[in-house]
Amino acid sequence: MPVVIGKLDTAHDSAHPQRAFLFEPGDPVRFDAAWSAQQRWQTRLLADPSAPEAVWILQHQTCYTLGRGASEKHLHFDPAEPPAPLYRIDRGGEVTHHLPGQLVAYPVLDLQRRTPDLHWYLRQLEQVVLDVLAELGLEGQRLPGLTGLWLDNRKVAAIGVGCRRWITQHGLALNVDCSMQGFEQVTPCGLTGREVGRLADWLPGLTSAEVQPLLRQALAHRFGLVWEEEAR
């Protein structure tokens, strides 16, 4: 049975806010371009621990990604001839599908400024999604032993991260008003028998444009961020 979790008072201490640059591209972004941007910022933070952090909130052009140790058995197509670009990347987790209508958040944060613990960080990313859902009047669910968020046993948010010397990259993907057809090409997150959903299934007419400010606010609150600049 799913465990329903409400809001938790575990946000970063707002008395010590962290400067962060916010990037919100207006058009869907190629995955490799967003990945390169994260890597550059991660390198910057590794070289200068006092540098500001960064967050990307965007939508991707249609693609599939495989985590570090992900199995190709969860692909329902020939990886040599994918229906959309396929990337093997340096995050945890199995296969994920990205496409327009899905909001993706990529925080490049220094966990040593908070809690240097990846399990803590994954739970905080889940809490970001729970906070967004609560603002929409929806009660999200965590499932024991699994990472991500569900509504009525349908997964609406996938989470997978990478980390180098406690500097994070990658993050979360929240299905808002995306097409569901591409998910049939894979076993999302390698979870056989688990359905995938989108927020518009519960709130017809909801758009990514309406949810994006809520996601921005939830990330700032959860990690104690003060936006240094916005690039849209």
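Cβ from N, Cα, C; glycine included.
Per Swiss-Prot, the feature active site, acyl-thioester intermediate maps to Cys189.
For Leu172 (substrate binding site), the Cβ neighbour count at a 10 Å cut-off comes to 25, with all displayed protein chains included. According to DSSP, Leu172 (substrate binding site) is assigned to a strand segment. The substrate binding site feature in Swiss-Prot is assigned to Arg91, Gly92, Gly93, Glu94, Val95, Thr96, His97, His98, Ala158, Ile159, Gly160, Gly171, Leu172, Ala173.
What Swiss-Prot records for 49-227 is domain 'BPL/LPL catalytic', and it gives sequence analysis as the kind of evidence.
Around the Cβ of Lys155 (site 'Lowers pKa of active site Cys'), a 10 Å sphere holds 21 further Cβ atoms from the protein chains shown. If you look up Swiss-Prot, you'll see Lys155 marked as site 'Lowers pKa of active site Cys'.
Between the alpha carbons (Cα) of Val95 (substrate binding site) and Lys155 (site 'Lowers pKa of active site Cys') lies a span of roughly 14 Å.
Here the binding-site residues are Val95, Ala158, and the one whose Cβ sees the fewest other Cβ atoms within 10 Å is Val95. Residue annotation for substrate gives Arg91, Gly92, Gly93, Glu94, Val95, Thr96, His97, His98, Ala158, Ile159, Gly160, Gly171, Leu172, Ala173. The furthest Cα pair among them is separated by 16 Å. Taking the Cβ of Arg91 (substrate binding site) as reference, residues of its chain lying under 8 Å away and at least six apart in sequence are, in sequence order, Thr65, Gly67, Arg68, Gly160, Val161, Gly162, Gln169, His170.
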